[in-house]
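Annotation comment: TrEMBL describes 22-110, 115-200, 206-299, 304-338 as domain 'Ig-like'.
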Amino acid sequence: MRLHDIIMQENFKTDPTGSIPPRITSGRPGILIREGENAEIPCTAQGYPVPQYIWYRRENNRLMPLIIGDQMMLVNGSLFIERTRAQDSGKYVCTVNNSVGEVRVETELTVYGNLSVSLYPAQLTTESGRSATLNCSVQGYPVHSITWFKDTRHLVTSNRVRLIANQVLHITSVLREDQGMYQCFVYGSLQSIQSAAQIILSEDAPVLKYVFSRQTIQPGERFSLRCVAAGNPIPRVTWSLDSRPIPENHRVQYGDFVSIHAEVVSFVNVSSARSEDGGVYECRAQNEAGSVSHKERVDVLGAPFIRAMNNVTVVDGDSLFYHCPASGYPLPTVTWSKVLDMSIMQLLWNYKSYRFTKNYN
């Protein structure tokens, strides 16, 4: 219906006999409209004498009379707002009165603009211990709420991980567990949108946060060795016994897991210890940035035991270090023999290794 037709209809209303207090026949509690569109806030009433319409805008719980101008006009009591803007959002009160009464209706007008959001920087590379900041920049309105997620879960804040005005995420002293994907979700009247960014820690060579110590074990006892390693990327931890991979069986088991602090907890569990379980255990953590290792003896009381030794080929004149993988406790006496030409070389010692620095013919 055209505005001219609405005005013409007003002129053909008939008057009843007797006084009738005004009664509002149309009104809406809320109106949602896109910025730039025209808005109609309805307010029509019946009554006799013909009621008068006065419009107000509620500001800080006070009713302020509306100034009808080029952008606003009254038609049959209803308020028309052309080319709505963000500042037109608010609560509007229509008061209708005549000589025998007064009524009013209140409508909340919400003007919204299309939302857009950008979380930047989109990829942030930093080092452990440094600070990191992500900004969630929002355009459009109204914005009802902003919610943050990390790796698809609600972000847990703390004294170290803080939200500033809900649009800025600041992390002091970045830890490995802070790596991952971050999202800020923006919720408006008709839209919910999100933007994502990634925090990456630069490569760190592995470090050992915890290592095992030397142990002496009774036969039949259970013992466990543990190493805790950290690094970026998360390091791989391997174990050896006397420089050989640890054979896994029903008595010997090893494995690892990654803690909530992004540290690798690696372990070796031995049940019902035997003399052959003694020796030099080594855990080694390695990633693309480097490696680190720790080794220590574990002695099991019992008779001497020697693991099989591998053949070694060296160049004439070079030095050779060869370890005798013997176990048992008290530490056995080790005798070395070279029998290629039937000459015998015997070395008595307690550390079971010998450095050859010259040739024996």
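From the backbone N, Cα and C atoms, a Cβ is placed for every residue, glycine too.
Automatic prediction, not curation, is the source of TrEMBL annotations.
Since the structure is predicted, the reported quantities are computational estimates derived from the model, not experimental observations.
The predicted model assigns the domain 'Ig-like' (206-299) a mean pLDDT of 93. Mapped onto DSSP helix, strand and coil, the domain 'Ig-like' (22-110) counts 3 helix, 57 strand, 29 coil. In the domain 'Ig-like' (206-299), helix, strand and coil residues by DSSP number 3 helix, 59 strand, 32 coil. Taking H, G and I as helix, E and B as strand and the rest as coil, DSSP gives the domain 'Ig-like' (115-200) the counts 3 helix, 56 strand, 27 coil.
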